[in-house]
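J.: The structure's right below; bear with me while I get my questions together.
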Amino acid sequence: MIVIDGLTKRYGGHTAVDHVSFTARPGRVTGFLGPNGAGKSTTLRILAGLTPATSGTATVLGRPYHRLPNPGREIGVLLDASAQHAGRTGREILRVAAITMGLPRTRVDEMLDLVGLTQDEASRRVRDYSLGMRQRLGLAHALLGDPDVLVLDEPANGLDPAGIRWMRDLLSGYARDGGTVLLSSHLLHEIEVVADDIVVIGQGRIVAGGTKEELLAGTGTLVRCADTARLAESLAGAGHHVEHVDPADAGAGLRTDADPTTAGLVALAAGLALTELRTADGAGLEEMFLQLTAQTQRDAHARETAGAAA
Amino acid sequence: MSTAATTPATTPATTQAPGPAHAAVTDTATRDARRPAPSPIPFSRLLLVEARKMVDTRAGLWLMVGIAVASVLASAAVVLWAPDSMIDYSSFSTAIGIPMAVMLPIIAILSVTSEFSQRTGLATFTLVPHRGRVVAAKLVNAVAVGVLGMVVAAGVGALGNLVGAALVGIDPVWDVSFALFSSIVLGNVLGVLVGFMLATLLRSTPAAMVGYLVYGYVLVGLTTMLASVQEWFADAQPWVDFNFHQGNLFEGFPETGEGWAQLGVTAVVWLVVPLALGLWRLVRAEVK
């Protein structure tokens, strides 16, 4: 369990994190979504006691981080996989952490096996690791103390598609066992496929939050038929909000806040044959993400990048 | 709503979370309460970990190798080139002590700055959020390295002295008293602490290295020159120049109470106060 309450961080006149509050619950994967520079990493650093907050609190398992007697045994933190001494071997990094936490030596090899690093790779210095290997090592480091809570900042960075799939399964399994997972990403798709709960941050503020189902439900229904104008009229006449998916192309259909059943009945009553009727799922959430964070984007290029990446 | 996941009805009483009870409750929250809180990390473990971190990197390893090689080379140089009259213990211990005095503070500097320059602090300070304890462990280890280094220098020097005397065909001359050895150890430990102080203050490997070289070598030359041309500075130097006293410790302890007082005063100004400031800032710094 992680509880962030009214967390604020100011750097001079700039407010990087602005009254951020949310809860990551046990048994769930909570996705922390936002564009680059939105305040995700700062929030996570404050949570882990690396950055002092200007105001507000963050607790792990009911306690502020610095009150955890042996934090590695209760919370696994991976904030930046590249933040390791380049001249130390992967195994040595885990060994030092294991000694700090008071864990048996065998735990290091168990974790290496778990994250798929070979003994040979573990004997190499981190300087020679790919980003994907560093992420695996970082995850091994976070899981070493068998913690109840995991906090991961952009863990999918540098992993190949198979690696991303593996990470996703591992985190889902971890949450199913009752663990709390909080992971951040600037990629909507990453969060969407793994998270049970989603928190969206933009310009340091929480702009949306809820279960994935709640956020998806809010995105409405997509309907298409040959006569878009009459369908729009009928839906609006029935008291539903209607908008064109693409104003320049009527054939792209309509998005409405009516649920699919209602939208179908409205079309039936109007004598219109629908060519498509479905929940506006991923695309809707993507739309929402882009909308919610549009004003936080640095420029049009950044928006394009976020759109293409998501 | 502002919270992503509102509080489940089964939230353990120890956690306080805002928001109404949520329908989608998992009953796996028991993982939170399943185990008792682990016992705190003892300081002895931090000492062990920080000592290990001094030597388990490539840089740390080569620094140790470098010190060992320098000691042997220094002994060999004395045997080869010193006149027979200078084949005595003080020649050997000085020849070995000088590279040690230069290199040991670097170990102290790296132990602190690498947490920031190599960004290992992210892991170190999340595993041990009380940074003061980590830095205290590093400080104890740095002092231990300063003392141990000199003991090793004394041992290698003794060996060199025996070999050198045998080669030249004289009885070995043991002209370093325990008092002199102790003062050299103190001078060396103070040098290590200066390095440590600069590391906590600057938190960057290159900056601390340059600072240490300027402080330990460039500044000495400047103050020596200044004292030789400006009488007022020559008079004031004992009360303001910590370097001056630290250097003198390699020749023996201060002979007067005033000498000790001057060492103490300059140490407070040049070492204790900046070290306190450095520690204060390090504990509060943002680790990125």
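Backbone N, Cα and C atoms are what each Cβ position is placed from, and that goes for glycine too.
Just so you know, TrEMBL annotations are computer predictions that nobody has curated.
Per TrEMBL, the features are:
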REGION    B:1-37  region 'Disordered'
COMPBIAS  B:1-28  compositional bias 'Low complexity'
TRANSMEM  B:61-83  transmembrane segment
TRANSMEM  B:89-112  transmembrane segment
TRANSMEM  B:139-170  transmembrane segment
TRANSMEM  B:176-202  transmembrane segment
TRANSMEM  B:209-229  transmembrane segment
TRANSMEM  B:260-283  transmembrane segment
J.: Which range out of B:176-202, B:209-229, B:260-283 gives the transmembrane segment (B:89-112) the most CB pairs under 8 Å?
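T.: Stretch with the highest Cβ contact count: B:176-202.
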J.: So what's near the transmembrane segment (B:176-202) in sequence-distant terms, Cβ-Cβ under 8 Å and 6+ beyond its ends?
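T.: Contacts with the transmembrane segment (B:176-202): 89-90, 93, 97, 100-101, 104-113, 135, 138-139, 142-143, 145-147, 149-151, 154, 208, 211-212, 215-216, 246-253, 267, 270-271, 274-275, 277-279, 281-282.
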J.: Could you tell me what the rest of the chain brings near the transmembrane segment (B:209-229), counting residues at least six beyond its ends with Cβ under 8 Å?
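T.: Hits for the transmembrane segment (B:209-229): 102, 105-106, 109, 191, 194-195, 198, 201-202, 237, 241, 243-244, 247.
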